[in-house]
Amino acid sequence: MTSSAVPSLFRLSFLLFTLQVMNIGRIGAATRFYQFKVQTIRLTRLCQTNEIVTVNKKFPGPAISAQEDDRIVIKVINMTPYNTTIHWHGIKQKRSCWYDGPSYITQCPIQSGQSFTYNFKVAQQKGTFLWHAHFSWLRATVYGPLIVYPKASVPYPFKKPFNEHTILLGEYWLKNVVELEQHVLESGGPPPPADAFTINGQPGPNYNCSSKDVYEIQIVPRKIYLLRLINAGINMETFFTIANHRLTIVEVDGEYTKPYTTERVMLVPGQTMNILVTADQTVGRYSMAMGPYESAKNVKFQNTSAIANFQYIGALPNNVTVPAKLPIFNDNIAVKTVMDGLRSLNAVDVPRNIDAHLFITIGLNVNKCNSENPNNKCQGPRKGRLAASMNNISFIEPKVSILEAYYKQLEGYFTLDFPTTPEKAYDFVNGAPNDIANDTQAANGTRAIVFEYGSRIQIIFQNTGTLTTENHPIHLHGHSFYVIGYGTGNYDQQTAKFNLEDPPYLNTIGVPVGGWAAIRFVANNPGLWLLHCHFDIHQTWGMSTMFIVKNGKKVQESLPHPPADLPKC
């Protein structure tokens with residue numbers, strides 16, 4: 001590249017970023033309209049051409065951009081043979097629970113040939129979020145970024161970056177993911193690992209037939225860049241790093257944090273993280289790498305990293321790419337180190353006087369096979385059927401909209417008896433019952449727990465070792481929560497240390513392998529909200545429950561009527 005080309009590219013990069021900011025930087029709230037056509041395309045990856053489900057024929061899907069307090073209206077048209085819904089991960093949906101998106105929880109799926117219009121405000125929210133399908137495992141390819149910028153008069157609480165880029169970390173399967181989920185359910189065994197990791201849909205040169213399938217960012221030397229990281233994967237937690245560059249975390253799950261600088265980060269599925277990177281190295285090409293964090297034992301997983309390029313403008317074509325170094329796949333210390341560094345930017349109002357205490361165990365189960373065909377043997381441990389649970393209750397997905405049943409006071413579809421503590425107390429991590437499949441059974445049910453509006457809630461999530469303990473990404477719809485503590489082993493109220501001054505405010509928490517995590521939040525959003533593990537396989541197996549927040553005394557504290565075009569089951 002000639003020296004005269006460098007300033008031209010410099011000006012172009014800055015101009016594009018400025019136009020993007022100007023486009024959303026108007027004064028006052030706006031209404032932003034989008035149309036999502038859910039449709040299949042033929043896509044070639046890893047030496048094979050397969051049919052995948054996309055939005056607007058894009059993989060990854062289109063970006064949604066808005067400004068704090070804007071209204072977003074998205075008409076979703078389902079042009080595929082599969083049912084679908086869209087969830088707006090991290091958007092609280094204040095008084096708009098009907099548009100949250102999880103299938104059979106807040107709505108019936110959008111059936112083939114049908115449409116549904118989502119309509120909600122991003123009230124008092126800004127930052128990096130994610131939209132994705134919330135039916136079966138379709139979010140393997142149906143996902144994209146949802147970026148909410150601060151109001152025009154509100155600056156970032158850090159130095160304004162020269163430019164920004166969105167980095168979507170994904171998993172790619174060559175098989176049809178809807179059929180794959182069905183096969184896993186029928187077999188009772190574990191799922192196969194993804195065929196590749198991807199960065200913005202590209203696997204990079206470590207995979208077959210992928211030497212040219214490499215995402216690349218053009219970087220101006222000595223400038224500061226904001227990278228919006230999103231883990232859109234469905235069954236894997238992942239590390240991310242850039243060769244020879246330091247990453248400064250400034251936001252997680254749409255909430256500002258105190259700046260924390262590290263060499264690598266780990267994101268659980270559904271988590272978002274904004275990082276600042278300074279282009280302070282010698283002009284050249286540097287690897288951005290994504291690789292697995294797998295804390296469970298005896299689990300098959302994809303262990304080939306995805307690679308993208310962080311390329312300085314002015315680098316020569318024959319420059320050797322500087323390789324990035326990822327942690328080993330089970331580096332629990334690297335994960336804890338990053339988590340220890342997360343603090344809310346300012347002092348926060350953590351609930352002190354708690355109205356409801358919950359203790360929820362999370363883990364895997366092995367149920368008896370109970371195959372209808374005696375010749376078909378289940379492929380779980382000791383020929384059992386793998387399951388998952390919260391407080392040993394394995395969630396059974398209904399075939400109606402639970403929110404609609406709750407609103408219309410229909411009986412027989414769910415119960416209000418989800419236990420606030422496990423039935424039995426034992427050494428959850430080390431002494432779990434493991435006589436498969438006699439004492440690893442889970443009870444089945446579609447159960448919820450009810451909170452009064454404004455209740456102050458504390459939940460202890462306790463990892464269990466019934467089969468294997470691992471880092472579980474637990475996501476709460478409709479609310480964010482303060483992560484006030486976490487640790488290894490069994491939770492002990494006498495020794496647990498809580499941060500009540502500046503804990504991070506998240507919507508998805510990785511409950512540590514062989515450990516526990518404590519959260520607090522105020523139940524101030526009326527409706528019915530899903531709590532679940534964000535590994536799709538664990539949600540498929542039943543690691544979910546539901547929180548019902550009752551109406552308050554005022555109209556603005558109450559769930560509105562359902563929309564007229566709400567899909568039918």
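Placement of Cβ uses the backbone N, Cα and C atoms for every residue, glycine included.
Site annotation (Swiss-Prot): Cu cation 4 is bound by Cys533, His538, Met543, and the candidate from His472, His477, His479, His561 recorded at this site is His472.
Matching His89, His183 to the Cu cation 2 binding residues that Swiss-Prot gives (His132, His534) identifies His89.
Residues His134, His477 are given by Swiss-Prot as Cu cation 3 binders; from His245, His532, that same site also lists His532. For His532 (Cu cation 3 binding site), the nearest neighbour among the listed recorded positions (Asn83, His132, Asn208, His475), judged by C-alpha distance, is His475. Cβ environment of His538 (Cu cation 4 binding site): Leu364, Ala388, His472, His532 lie under 8 Å away, each six or more residues apart in the same chain.
The binding-site residues listed here are His89, His475, His532; among them, His89 has the most other Cβ atoms within 10 Å of its own Cβ. Note: the CA-CA distance between His134 (Cu cation 3 binding site) and Cys533 (Cu cation 4 binding site) rounds to 13 Å. Taking the centre of the Cβ atoms of His134, His477, His532 as the Cu cation 3 site, the nearby residues of that chain (Cβ within 8 Å, site residues left out) are His87, Asp100, Gly101, Pro102, Ile105, His475, Leu530, Leu531, Gln539, Ser544. You'll find the Cα of Asn444 (N-linked glycosylation site) roughly 11 Å from the Cα of Met543 (Cu cation 4 binding site). Helix, strand and coil residue tallies for the domain 'Plastocyanin-like 3' (417-553), in that order: 6 helix, 58 strand, 73 coil [DSSP].
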